[in-house]
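S.K.: Per TrEMBL, the features are:
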- C:4-286: domain 'Dihydroorotate dehydrogenase catalytic' (DOMAIN)
- C:21, C:45, C:46, C:99, C:127, C:165, C:191, C:217, C:243, C:244, C:265, C:266: FMN binding site (BINDING)
- C:45, C:69, C:70, C:71, C:72, C:73, C:127, C:192, C:193: substrate binding site (BINDING)
- C:130: active site, nucleophile (ACT_SITE)
Ligand SMILES: Cc1cc2nc3c(=O)[nH]c(=O)nc-3n(C[C@H](O)[C@H](O)[C@H](O)COP(=O)(O)OP(=O)(O)OC[C@H]3O[C@@H](n4cnc5c(N)ncnc54)[C@H](O)[C@@H]3O)c2cc1C
Ligand SMILES: Cc1cc2nc3c(=O)[nH]c(=O)nc-3n(C[C@H](O)[C@H](O)[C@H](O)COP(=O)(O)OP(=O)(O)OC[C@H]3O[C@@H](n4cnc5c(N)ncnc54)[C@H](O)[C@@H]3O)c2cc1C
Ligand SMILES: Cc1cc2nc3c(=O)[nH]c(=O)nc-3n(C[C@H](O)[C@H](O)[C@H](O)COP(=O)(O)O)c2cc1C
Ligand SMILES: Cc1cc2nc3c(=O)[nH]c(=O)nc-3n(C[C@H](O)[C@H](O)[C@H](O)COP(=O)(O)O)c2cc1C
Ligand code: FES
Ligand code: FES
């Protein structure tokens, strides 16, 4: 069920340059079932900024009724979010969207998880779930520079992890696609989240492979009602368009025309 | 000099129903010279609410670079103000306006200070200054009801104090004018601040007496530039109009047409 | 007695609150959050004769206390709306106001003819004011003669009362309102969005792929309220007011200015429960104002 | 090299930033806060032939990210403005743009004739768009023919270039812009305020004594930006853009849309130092954009 709840901030800290980790507590957590789902957050009670901000769920802790998200303080809304204090309440709508299909990977299989920048967070909960299920993940994570890297150790704990940075200040220099081309990993399917350019490159590179991509698009309602977040589909698909907020944000490779 | 400063909130508490007392620290305090001056406050860094809020200076503490104001949390802006925490910073523009002319009362004289509701606060600093100077103040303070009364003891410490409430739940029942008509105090001049209706009644009642009234009007700039806060003047005055923010908020009796 | 009921041409409203067209799809998404039968009515997304895929993305951009959109009337087309969306909505006890759009007069007429036969469509809302499509839409809404003619043509075929949705992007909205009244409109809905633009400060290019978009949300409320006030003085058909409504106080304001009912658009995105919340708060607000019935609010400003 | 200098008809601007008319009086109040010579120019409060006392109060009301005003062109009248205000402003090294208003064409002509002779008045701004006066003002600004005629009449007597200030309350602002260009205008300033209204929710009556007022502030920026963008495509005379400017980014946006300089209105009330702050921030923003000179911003959106 989708709920609107004033959730309490129980943890909040900067974990990399302008990158914040925030943990929220509330009943809404119990409706979260899938990594890759997102929440829609109102950063202020005022009308300025007006719209909610979509942020992915990075990890779910049902036991303590908590979930964690990781976001980059960039524009007006996320900067205001970054100023919130522990103990304050936040108006959260969620969980929204479909999430990554864990059922698509079978125990014993190897999968690649490819993340770029603030596309990395949802892969964390995904990886945990996959590992729990006996799937072996290989993580390929791209960042702008050393200062922007986060959760490296957490991912290493779960499996093989490769870091690339655009400026080469940490890990290998280049893009995730450069590294993947070199690495040529064996895998049965891939899961990825990141900037649209990266998703396009990956979908091209692995055009004949099974994969699942999580997309971003500017949103209004976040619920599927306003047609703000539509993406054109490819000829392979029956429908003319999909909505990122309600049909996605995760789509099988080949569905969204990039 | 008028300054804009981010002042620090050092005290903040509810002292009566929806009435808050806030103490702010900063260098701007050293430019405050007169009770009745006001500050223009931005309650949020967002554009909503957009405009500053004018609030009177209730007391000045030059030694500690602090001043105190008292306000009623009523509309959107003052409600947001009431949610500010100690330690937070507030964008303050001030001091603005002219203030009450203390020089108009001579030592040994008796004056009446008449306040209504949130018009009471500036009379507190005024009374302190007058007492310091050897002037004897009589305070006549009107409130809506018992719950809205504040600073009664502070005023009593400075001189004779009469409280009236509209509903009679504290002090005498009625309006300040009712009480003044009964009391018939002897005085050389009066000083008053409160709702326009009250000011009008007092200016009428004491039409032949020396007095000083502090007015309220909706403001834009607070500096005298936008012509938002003009008041028509009476025939007794040369100018056609006055601006509450820069010519006032305090005017000698008979200047403003009410 | 239901203190909130309002009677309008074709519409017996339980209460004067309804989601605005394009901000509520065809109801399905919000039905997951609350019972749609609580609403006074539902204004469904613009329906055109053919399927429309709308404009390229980005289609929305945020502005101070507002947002721009250039959805471009994306909708599944008349046939599917009839067979799927309206059919599905029949399970709720709520009158539907069908927002009708098109490129040529013939398109409007064709859609109106069929959609007005739908069991739960109790009124039409002629969208002569969409700023986000190249032809049709707003072009009908800025010329009084054209607006009146379109109204008359649709009135001829419609089986339910016809409301005309006005554009605020005009010099004299009263003139357009009087024209559509003369053309036979049973009511007016207003306002649609103001044409606006946001640029990407770095590139200098429009954020919205379409270039311009329609401005909505609290930012436009003062303009909307002024226009409702003005039109209320000039026509005798009822007005459904909208533009920036987000709170029960906004509803009071629009009704005071002369609206008989109020639509809520953008605010649904900010608070998906805004419509039922306002409906719940209305009786208490009437008490506060010392009024018995919500209809007593209508036109207070003019008295 | 001064990276911020802009040359416009009659105006050699140190930088493209100036306070908008009516939001800065005649400069005296802000001169207590900073050196007025820092400004690109100053647009003084509307000046009419005779002294005007303006509208009854309340004259302002706050709205979401905006404000309404109905000052009603209060000003001391031509004679005093010449003898006192403009005289006083001579101590500063800053060109003055005199905002001229009136009821009849003759009034405009008379004020223009005299005020344009003033030493520091380097340009006129014809206010054909004030929504807050019963006669004159906006009535000139909504009819292209009338607007062109007024422009021509004033051009005939003015000793300095004439800019015409456009009203956004029109169906087609491009049409008005082309008309005043044809009438001989040397430049365009835009936009004036959008007509709006706020009601007291309790009483249902307008908050502003005048009933309606002019909406300004960040809320209107998307509308203003769109209009500047549109007009820039249709005329070849320069535009001074305004409407909701509050930050250096807003300035970049307006210049990208086609404005050669930018005026700041309401934001002066929110932050009295907004103009010098923006001027200080501009060079750094140019660096960020990789631009040498502020003039490279002009019309970026169209390229
Ligand atoms: C399904 C989904 C999941 C996301 N998960 C994360 C996450 O886990 N961590 C994270 O840091 N970011 C995430 N994002 C991106 C995040 O929503 C934007 O960075 C954020 O909305 C920007 O807001 P702002 O106030 O900083 O920027 P502003 O520039 O003030 O935003 C203005 C408007 O544009 C929208 N907008 C701007 N950038 C984006 C964007 N990239 N995607 C969608 N809308 C945008 C905003 O929501 C707002 O409506 C996600 C986006 C989507 C669609
Ligand atoms: C010189 C002066 C001194 C004042 N001193 C005090 C004081 O010491 N304590 C106190 O509680 N109040 C004082 N006020 C009144 C105070 O400014 C208003 O109560 C406050 O602005 C209301 O803001 P809001 O956000 O609560 O209301 P909203 O309804 O949100 O205000 C909307 C707009 O109207 C203006 N406004 C509303 N009421 C008034 C009013 N009575 N006077 C002027 N503007 C108003 C606001 O400033 C704002 O621009 C003073 C007013 C003036 C002019
Ligand atoms: C995303 C979006 C889509 C819209 N689609 C339509 C539409 O299809 N038909 C229509 O008549 N109005 C449409 N509108 C306009 C609204 O119905 C409403 O008139 C306008 O947004 C003002 O109200 P608001 O400020 O409450 O949103 C749309 C508005 C938005 C924000
Ligand atoms: C209080 C106030 C007074 C104004 N007076 C005038 C005026 O005298 N002449 C004029 O041409 N415009 C006047 N304007 C309009 C502004 O110059 C400007 O065009 C408008 O406010 C939009 O800019 P902004 O959003 O930056 O305020 C006034 C605006 C305000 C807010
Ligand atoms: S954001 Fe509204 S449909 Fe996706
Ligand atoms: S508030 Fe602007 S002149 Fe007084």
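Cβ atoms here come from the backbone N, Cα and C positions, even for glycine.
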S.K.: Over all shown protein chains, what is the count of other CB atoms within 10 A of the CB belonging to residue C:70 (substrate binding site)?
M.R.: 28
S.K.: Just to confirm: which same-chain residues, 6+ apart in sequence, have a Cβ under 8 Å from the Cβ of residue C:243 (FMN binding site)?
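M.R.: Residue C:243 (FMN binding site) has long-range Cβ partners C:168, C:190, C:191, C:216, C:220, C:221, C:223, C:224, C:225, C:227, C:265.
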S.K.: Taking only the Cα atoms, work out how far residue C:72 (substrate binding site) lies from residue C:130 (active site, nucleophile), in Å, as a whole number.
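M.R.: Here the two Cα atoms are 8 Å apart.
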S.K.: Given the recorded positions C:70, C:130, C:193, state which is nearest to residue C:46 (FMN binding site) when distance is taken between Cα atoms.
M.R.: C:130
S.K.: Taking the Cβ of residue C:72 (substrate binding site) as centre, how many other Cβ atoms lie within 10 Å?
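M.R.: I get 22 for this one.
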S.K.: With Cβ-Cβ distance below 8 Å and at least 6 positions apart along the chain, what are the contacts of residue C:45 (substrate binding site)? List them in sequence order.
M.R.: C:21, C:22, C:24, C:25, C:26, C:75, C:99
S.K.: Substrate site residues C:45, C:69, C:70, C:71, C:72, C:73, C:127, C:192, C:193: biggest Cα-Cα distance, Å?
M.R.: 16
S.K.: Where residue C:130 (active site, nucleophile) and residue C:193 (substrate binding site) are concerned, what is their Cα separation in Å, rounded?
M.R.: 8
S.K.: In Å, rounded, how far does the Cα of residue C:70 (substrate binding site) sit from the Cα of residue C:127 (FMN binding site)?
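M.R.: Between the alpha carbons of residue C:70 (substrate binding site) and residue C:127 (FMN binding site) there are 15 Å.
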S.K.: According to DSSP, does residue C:72 (substrate binding site) fall in a helix, a strand, or coil?
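M.R.: Note: residue C:72 (substrate binding site) is coil by DSSP, not helix or strand.
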S.K.: Among C:21, C:45, C:46, C:99, C:127, C:165, C:191, C:217, C:243, C:244, C:265, C:266, listed as contacts of FMN, what is the widest Cα spread in Å, to the nearest whole number?
M.R.: 19
S.K.: Note the mean pLDDT of the domain 'Dihydroorotate dehydrogenase catalytic' (C:4-286), expressed as a whole number.
M.R.: 95
S.K.: Just the number: how many Å between the Cα atoms of residue C:193 (substrate binding site) and residue C:127 (FMN binding site)?
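M.R.: With the alpha carbons as reference points, the distance is 11 Å.
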